[in-house]
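Reading through the C-alpha cells given below for one structure.
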Amino acid sequence: MKVAVIKYNAGNIRSVDYALKRLGVEAVVTSDKEVLKAADKVIFPGVGEAETTMLHLKESGMDHFIKELRQPVLGICLGMQLMCRFSEEGNVDCLGIFDTDVKRFAPRKHEEKVPHMGWNTISCLKSDLFKGFTRDEFVYFVHSYYVPVSEFTAAETDYIRPFSAALHKDNFYATQFHPEKSGEAGERIIKNFLEL
C-alpha cells in the first residue's frame, strides 16, 4: 500500500510520519501531485493558521488538487478545518469539501480556556474510522477554532459547546483531534483509515 502525506507549509508532518512508522507503514512525504495522485491513501495534516496556509495551497494549485482526489483522504486538525467552506480564522474561504464553516471558540466562563488543549472523549461515532472504539477512550486536541455539529459530523465532543471531533463525506475523512498524538486509540484510528 502506498501512503502519502501532503507536504505543505504546516507543522506536525513529522509526528504523522512517525505514527505511521510505528504501524510499520513507510509513507512518502511529498508535494508532488503525481505521487499524491498515485497513492492508495493520502493524509492532509496541519498545524498553523488558516489564512496563510490557504494562501500557500492556492499559490501551489494544491487547493483544487486536494478536492479532486478520489482515494481515501484523512485531514488532521488544521487539515480538517481547511476542508470546510470558510474559516473565521483570517475570514478565509477554504476548500469547501465539507459544506460547513469553522468558528472561533467564545468562552462563556473564566475557566473555559482557549485554545482547547488536552485530552477529551468523543461520542456519536458514525464512521469506520472508529471501528473498535469505545466512548471512554480519550484523544488529544489542540485548537482555538471548531466546526459545529452538522450532517458531516462523524464524531463529536464537548468543550465550551458541542462540536465536530471528526467529519466524513465520500472519500474524505477528517479529525479535529490529533490521532498521531493520541496513543493507542489514535493508532487504532490511523490503522482503521489505512484499512478503508
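Placed from the backbone N, Cα and C atoms, the Cβ positions cover glycine too.
As recorded in Swiss-Prot:
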DOMAIN    2-196  domain 'Glutamine amidotransferase type-1'
ACT_SITE  Cys77  active site, nucleophile
ACT_SITE  His178  active site
ACT_SITE  Glu180  active site
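Features as recorded by Swiss-Prot, highlighted on the structure.
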| residue | record | CB count, 10 Å |
| --- | --- | --- |
| Cys77 | active site, nucleophile | 27 |
| His178 | active site | 21 |
| Glu180 | active site | 26 |
Separation of alpha carbons, Cys77 (active site, nucleophile) and Glu180 (active site) (Å): 11
